[in-house]
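Taken from Swiss-Prot as is:
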- GLN150: coenzyme F430 binding site (BINDING)
- ARG228, LYS259, HIS260, ARG273: coenzyme B binding site (BINDING)
- TYR335, TYR446: coenzyme M binding site (BINDING)
Amino acid sequence: MDVEKKLFLKALKEKFEEDPKEKYTKFYIFGGWRQSARKREFVEFAQKLIEKRGGIPFYNPDIGVPLGQRKLMTYKISGTDAFVEGDDLHFCNNAAIQQLVDDIKRTVIVGMDTAHAVLEKRLGVEVTPETINEYMETINHALPGGAVVQEHMVEVHPGLVWDCYAKIFTGNDELADEIDKRFLIDINKEFPEEQAEQIKKYIGNRTYQVSRVPTIVVRCCDGGTVSRWSAMQIGMSFITAYKLCAGEAAIADFSYAAKHADVIQMGMILPARRARGPNEPGGVPFGIFADIIQTSRVSDDPAQVTLEVIGAAATFYDQVWLGSYMSGGVGFTQYASATYTDDILDDFVYYGMDYVEKKYGLCGVKPSMEVVKDIATEVTLYGLEQYDEYPALLEDHFGGSQRAGVTAAAAGCSVAFATGNSNAGINGWYLSQILHKEYHSRLGFYGYDLQDQCGAANSLSIRSDEGLLHECRGPNYPNYAMNVGHQPEYAGIAQAPHAARGDAFCLNPIIKVAFADDNLIFDFKWPRKCIAKGALREFEPAGERDLIIPAA
C-alpha cells in the first residue's frame, strides 16, 4: 500500500507530533499527568470531594507508577475526525457506551401470533388491524409504567421513562399497510429493496412486538428482568384492548406466550459460575450482535460494515463484559480501543480486502486451507511490517496482545471476504496468531493465545462442547470465555462473510429488524461516531434521575 494511503498516519502524526518513523523519542518532558486535561479535571474534582467523603483519601495520580513519563496519547475514533482522551473511552466515562449496553439489555421481542390465536380460537374475539392498533396504543401507555386494569395503582413518572415504547413489525405487506405508522418498523422503508425482500421471505406472515423497557429498569435490575416487565404489561394491555376478564384461564396462555413460548431474548442465560440472567452481555452470540449493528442497511462497503461491528463489540464484550462483569477495573479499555481507534485496524482490513478483490474477488473462491494460508499470511505479514516500520504505531499499540488481536482480526475478516465463510475466517484468525508467534516468539500476556492454539482443531467439527457454527458462538463458548482481545474480533469475523455477500442479516432476521429503529437512543447504524459523541460529552443518554433528586 502506498505510504500516503495508509489510514493510520494522520492519527499517529497528530498524537505524537513527530515523524511516525522516528526511532528515538523523548521521555519525562511532558509534565507527567498534568499533560492530560482530563486528569487535571479528575484531580480538581477529587480535591473538592474529599471533604464530602469525610476526609477519606480519593483519586491521586501520584500514587503508584508515575503517569505521564511518556506522551499520554489522545485517540482518533476510527472512521471519524474526532480525537478524544483515553479516559473518555472507559465505559464509566462514556454515556454512549453505557447506552449501547442498555439498549441491548432492555430489548425483548415477543411473537404476537400465539396471543392472537388464543383470542380468536379460544375466546372467539376477532383480531383486526384496528384492534392491533388499539392494543399498541395501550401497550405504549402500560410498558413505561402506566396502570390500565386496576385503580389505586402507583405509576412511573413519564419523565423518567421517556425512552420506553413498543413497536411492531411483520413480513406481510398488506398487514403492515394497515398498522399505524407510529408503531410500525417498516421493513420496506428501513432496508434496501433486495434486503427487504430477503428479510420478508424469512419472517413471512408472522408478527412481532419489540418492547423497549425503560433504561432505568436495567440500571436498577438486570437483563433477566426485561422479559418479565414486558410480559406483565403485555398481559394487562391485551386484557384492556380486547376487554377480557383478568381472572379467566386464557390469560395464563398470554402470560406463558409473553414470558416464555414466544419470547426472543438478545442473550442467553449464563451458567452458575458466571451467574447472569438472559439479556446480559455474556450471553449474546456473535452473530446476534452483528445483527444488532445496522451499518449493513446504510453501507455496501463490506470493510466498513465489519469495522463498525468490531468497534461496537469492543465496548460491549471487552470493556463491559470481560472488563467489568468478569474482571473489574480499568485496564481493559486499552485492549478494546485498539480495534476502534487511530484507523489502524481499518488500514489492515482495507489492505486485506484490496488484496482479496484483486486476487479472488469478494466471495470469489471456495474455502480451503490453501486460501486461508495465502490470505492470512499476506495480511498478517503486512500488519507486522507496519509495526516494524513505524515505531509510533508500536507505541500506539504498546501491548503485544493488542497487536496480535488487530492483525489477526484483519486476517480473519479478509479470509471471510474472499470465501463468504465465517469458518474459514476464524481459521484465518487462528493461523495469524500462530504466524505472529513464530515472528516474535510470543504474543501478549501469558496465556493470551491459549484459545488460539487449539482453535483450528475444534473449528472444523460441530460438537456439543467444542462445535457450533461461528455465528452461533458467543462469549460463553468454552474456549472463547478466557481472554480479552478476542471476542469483538470474533463478532467481526461473524459479520464479514455476510457483508461481502450483501446479506440482509447475519444470523437472525428478527433481531435485524428489531434494531432498524430510529427511536433507539444509541445509533446502531454508526456506532463509532456515537461512541465519539459520548467521549466528547455530546451524547444524551436515557435513564437519568434528575427529576427525582435535588436540583444542583
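Heads up, the Cβ atoms here are built off N, Cα and C, so glycines get one too.
Annotated features taken from Swiss-Prot, shown on the structure.
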residue: GLN150; record: coenzyme F430 binding site; Cβ neighbours (10 Å): 8
residue: ARG228; record: coenzyme B binding site; Cβ neighbours (10 Å): 16
residue: LYS259; record: coenzyme B binding site; Cβ neighbours (10 Å): 18
residue: HIS260; record: coenzyme B binding site; Cβ neighbours (10 Å): 10
residue: ARG273; record: coenzyme B binding site; Cβ neighbours (10 Å): 6
residue: TYR335; record: coenzyme M binding site; Cβ neighbours (10 Å): 26
residue: TYR446; record: coenzyme M binding site; Cβ neighbours (10 Å): 8
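In three-state terms derived from DSSP, ARG273 (coenzyme B binding site) belongs to neither a helical nor a strand segment and is classed as coil. Spread of the coenzyme B binding residues is 25 Å (greatest Cα-Cα distance among ARG228, LYS259, HIS260, ARG273). ARG228 (coenzyme B binding site) sits 35 Å from TYR335 (coenzyme M binding site), taking the C-alpha atoms as the reference points. On a Cα basis, TYR335 (coenzyme M binding site) lies 24 Å away from ARG273 (coenzyme B binding site).
Comparing GLN150 (coenzyme F430 binding site) with TYR446 (coenzyme M binding site), their Cα atoms are 60 Å apart once rounded. Rounded to a whole value, the Cα-Cα separation of TYR335 (coenzyme M binding site) and HIS260 (coenzyme B binding site) is 37 Å. Note: the CA-CA distance between TYR446 (coenzyme M binding site) and HIS260 (coenzyme B binding site) rounds to 43 Å. Annotation note: LYS259 (coenzyme B binding site) sits in a helical segment as assigned by DSSP. In this structure, TYR335 (coenzyme M binding site) is part of a helix by DSSP.
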